[in-house]
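TrEMBL has this to say about the protein:
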BINDING   78, 79, 80, 81, 82, 83, 84, 85, 129, 164  substrate binding site
ACT_SITE  79  active site, tele-phosphohistidine intermediate
ACT_SITE  153  active site, proton donor/acceptor
């Protein structure tokens, strides 16, 4: 069963929660880091067809998201493997490929993971490979699917249908730009990624305007990247940074404004690219091999369970559920040869790190390796954020911490301190990754979900204002790859992956039987 925080934990849903939320006014602005609305896109492209200047990295969206009256959850799924995926052929928005047997099996796995989940509606791309995936996942549900041409894959014009080596030979510099600077890539007089961002923005208008509360969207790699990015305010330079694997699932939560008025909802990325297969399996990152990786492991549930708050959690050890979560995480990571494990000095983090280390070092006994592994363990005080989070007001610290957007409850003083400390922790992790004596290095960092959210912000080159846009659960893992090494740009393979927790996972949606609040 796919695991995501249950919708009832969404902030702003129940009236008794509303007095606990303290959103700052400057966070209500929806900003993006390059063009995301079609009006901006057209204005930029009208300047000149030979425009040499790059898009501004700080353009504001001129059109806010539609307001919503009730919480909404949107689950994005990429289609299963297609025949052209298998051949390495550039698909774009062409409609000549179909699902392979593997792709059909991936879609069936996704159907099984979502079979008990409640969806009100399914939006699908009209392209065969995506529509077939949607049909398999949607199964015997009575509600008709809605196809939307704006959900088609990125338009790649003359590139479409070419094998990658053919594209390189035929287009030379243009193909190279597509690989290294896709945001400014131009072909046949078009900027495909900019156009895609505009389309994704239009899709959100339609999805949010629909009266449904729980939405399934089945589409494609690039357009799902654009949907995630535009939702949380990231521009075209984030193309290929937020990965979407075949049948990978991403989840976004939308909550109405505190004042109940019109305006863009609060948006939180609950999950990114939870795949039917292991997220740590060998493979490429955005088409490039990677030998450097940071895996962020959130400590298991502490004693006090889900009712624990920031003010009373203190330095509690893990509960029995937390111990099981640590064992499941150690088992998942057994497929990797971990070089270093760093953790917060917090008891629950040390316990989780120790479990992972012991399983790694027993790899030969467990049949995962032919020789014993030697794992270096360290504690980094900058990963411990207990004192910082308790700087905030009482209302913020007296609510359970692992609710979507929970960091929005904290005051600027606490968040600024968290961001500053996380910057030091991030540099320490990059230093660990920079060991030139090991061409392949995997660093596991065990800490609080709050510090990991900040670390992901540093990886994405964001600011502290974005921290409320991400969510992590206890026992989750998030994978950051560095195909160009630790001095290069990181890519996010997955965020808040919890499928490895098995029967202790939480369904993506909750049943609405008996008028249960979504």
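Note that the numbers count up from 1, one per residue, in the order the chain is shown.
Every residue gets a Cβ built from N, Cα and C, even glycine.
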* Asked: Between residue 129 (substrate binding site) and residue 79 (active site, tele-phosphohistidine intermediate), what is the CA-CA distance rounded to a whole number of Å?
  -> 6
* Maximum Cα-Cα separation (Å), residues 78, 79, 80, 81, 82, 83, 84, 85, 129, 164 listed as binding substrate -> 21
* **Rounded distance in angstrom between the Cα atoms of residue 82 (substrate binding site) and residue 153 (active site, proton donor/acceptor)** => 13
